[in-house]
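Features of the protein shown, as given by TrEMBL:
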type     : residues  : note
TRANSMEM : A:23-45   : transmembrane segment
TRANSMEM : A:66-90   : transmembrane segment
TRANSMEM : A:96-126  : transmembrane segment
TRANSMEM : A:138-160 : transmembrane segment
TRANSMEM : A:180-202 : transmembrane segment
TRANSMEM : A:223-243 : transmembrane segment
TRANSMEM : A:249-267 : transmembrane segment
TRANSMEM : A:296-316 : transmembrane segment
TRANSMEM : A:322-342 : transmembrane segment
TRANSMEM : A:354-371 : transmembrane segment
TRANSMEM : A:383-399 : transmembrane segment
Amino acid sequence: MPHEPALSIADRMRIMRQTRFGAFVPVLLALAAIWGYFGLIAPLFEYWSDPAADSIRFIFLSPRNIYNLFMQSAVIATLAVGITIVLLLGDIDLSAAATAGVCAALLGVLVLAGVPGWLACLMVMVVGTVMGAAQGLLIAYVGIPSFVVTLAGLLGYQGLMQKILPTGNLNVDDPFIRAIARILIPDMLGVVLAIGLVALVAASALRRQSMRRARGLELDSRFAIWGQIGFFAAITFATVLTLNSYRAVPLMIVLLVALTALIGWITTSTPFGRSVFAVGGNAESARRVGMKVNRIRVAAFGIVGLMAAIGGIFGASRFGSVSYTAFAGGSLLLESIGAAVIGGTSLFGGRGSVWNAILGALVIGSLGNGLDLSGASSADKLMFSGAILLLAVAIDAVSRPAGAAGR
Amino acid sequence: MTPPPHLRVSGIHKRFGGLHALRGVDFEVARGEVMALVGDNGAGKSTLMKVLAGAHLADEGSFWLDDQQVQVNGPTDAADLGIQIVYQDLALCENLDVSANLSLGAEPVKAGFGFLPRFLRPIDDLEMEIKAQKAIDRLEVRTLKSVRSLVGGLSGGQRQAIAIARAVGAESSVVMLDEPTAALGVAQTRQVLNVVRRLRDTNHAVVYISHNMRDIFEIADRICVLRHGGNVATWKTSETTPDEIVVAMTRGLDGGQGNAA
């Protein structure tokens, strides 16, 4: 007897998240909810409840605050992009923030010793990669669970950072390093870049569609294609124009987007990226088709190390200093893992995207920023962040494929 | 008369420590035939299959492929000879779509990126979809809507078909199926048996391991019975009955070979 079983909410969510753009929906909703609350509801409420206020003050959604929000979230996002790679494998990296801390401290010491800024940056990127890959070697070849190895890494690297920075603080005023956060892309160039980017995305989507037609493959719906292009264009132009109306697009954001695009391309469109997804989905399957699972693990942890080092450079550049609490000792680690997970990358491996990590970082950044603006205590911030993280993991657990539930 | 064997092994011995799992087993399968391999638990079916696939190395015994003696010293040797195995757990990646699963580990890459190492060249996913569609069409899996659907959303029968398609896609001539219908309902079983028939019709040599007599008598051309790590006998399906096979599996033949337990 044919019958259509009614879809439960969990089923619907699962189906939605399996589509290419559906995975963006939960994190976008979370972002919209947070921005709506801090940007509209909170100021309106304040206006109505306080007779002394003479006008509504939309501080949160002001271009100035959005600019700060992007800069605050950039370091979290850089680490989250790296962490996403190991989450895709079904592993976790607890040492990313400590790695970033060691790299930033090393950077500070190197430039203090007179090493040119660009060379110091390259050196710490190599060091970060080695630090990550070393943990990967232990995980892949010795067979220690990644949780334990990177927990040990977290402790060890925290200690290492304290060794490098006995005072816990160091100013970085190398012009090259400061420039990463200080250089602004001129307004017009920013707009031109945005137009070029949107045109590129649109052209490649349309070219793909025409190639599909030429080869007689099933076609994407017109709605989906133009929806994707429109969505991408809206986000790009909104970002660039908002940032332009305060200052301009900072170089750091451009670098972050470029890096994410590169890593996103590697994960989705190359045999290496495919093998990362395969190992996360079914490591036994990957092994049987001849993939070198161990090497893939080491490479993935190397990439986290590299991204952590870049995060360290970005942080040092933005703060103009390196401090223990800003990296290894602070909340950066949990914020960046939280960003990756809130972005919709599964803790169970095999599902996720680096772009979502950036949106997740914005969610975490917005939450902190909004709570700061409304005068919440750090205790409130921690509890809110915990609740959001829990919600994200719950969505992840509920929307896992049914067949994988018992794995 | 029996067709000439495509793959033939003889005198296979396999010991695991003190356990003598295979005691001089002979086995053969021809192209365009489905050879069922049956036996009670512990009879050595899975061990024999793994030896054929190179997952276990035989302690003694010889392999012939089309009357050429060959060496199988590992899974890649077996794969190079065109011997593919579909394990019971299928080993599909549920988070990837059908076409990605079918090309897993051998993704076609676009031309013109020779300056990059192979694992960083862009995947030609259109080519991958075309290959997948061809493989699916060859096996006539009609229920599959799109090669772009995620394997996690497919039915058990469809997954089995995908796993078989992956084995066949790798230029194989011998396909071994381990209990392919064990976890499936009636309609799904029908679907998988149709795929197995397509394999036979496309001139593959199929080794079919199962406990299900009904499936075996529906699909197999010959039935090879193992007991206690040795051969009992091989029957043509048309010349035997399920009862006879069950008796052979559990008690062996009176005075038959290979049941010196």
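A Cβ is built for glycine as well, from the same backbone N, Cα and C atoms used for every other residue.
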Q: Would you mind listing the long-range same-chain contacts of the transmembrane segment (A:23-45), meaning Cβ under 8 Å and 6+ residues beyond its ends?
A: 13, 16-17, 56-61, 342-344, 351-353, 355-356, 359-360, 362-363, 366-367, 369-370, 373-374, 388, 391-392, 395
Q. Taking contact to mean three or more C-beta pairs under 8 angstroms, with sequence separation of 6 or more, is the transmembrane segment (A:249-267) in contact with the transmembrane segment (A:96-126)?
A. no
Q) Near the transmembrane segment (A:138-160), which residues from the same chain, at least 6 beyond its ends, have a CB less than 8 A from one of its CBs? A) 86, 91-99, 101-102, 131, 293-295, 297-298, 301, 328-329, 333
Q) Going through A:180-202, A:322-342, A:383-399 one by one, which has the most CB pairs that fall under 8 Å from the transmembrane segment (A:354-371)? A) A:322-342
Q) Any contact between the transmembrane segment (A:180-202) and the transmembrane segment (A:223-243), i.e. 3 or more CB pairs below 8 Å with pairs at least 6 residues apart? A) yes
Q) List, by number or range, the same-chain residues at least 6 past the transmembrane segment (A:322-342) whose CB is under 8 A from its CB atoms? A) 27, 30, 75-77, 79-81, 83-84, 87, 92, 94, 96-98, 100-102, 104-105, 107-108, 154, 157-158, 161-162, 165, 168-170, 172, 311-312, 315-316, 352, 356-357, 360-361, 363-364, 368, 382, 385, 388-389, 392-393, 396
Q: Test the contact criterion for the transmembrane segment (A:96-126) and the transmembrane segment (A:66-90): 3 or more CB pairs under 8 Å, pairs 6 or more apart in sequence, then answer yes or no.
A: yes
Q: Would you mind listing the long-range same-chain contacts of the transmembrane segment (A:66-90), meaning Cβ under 8 Å and 6+ residues beyond its ends?
A: 96-97, 100, 146, 181, 239, 242-243, 246-247, 250, 252-253, 256, 259-260, 263, 267, 276-277, 279-280, 283, 296-297, 300-301, 303-308, 310-311, 314-315, 318, 332-333, 335-337, 339-341, 343, 345-354, 356-358, 360-362, 364-366, 368-369
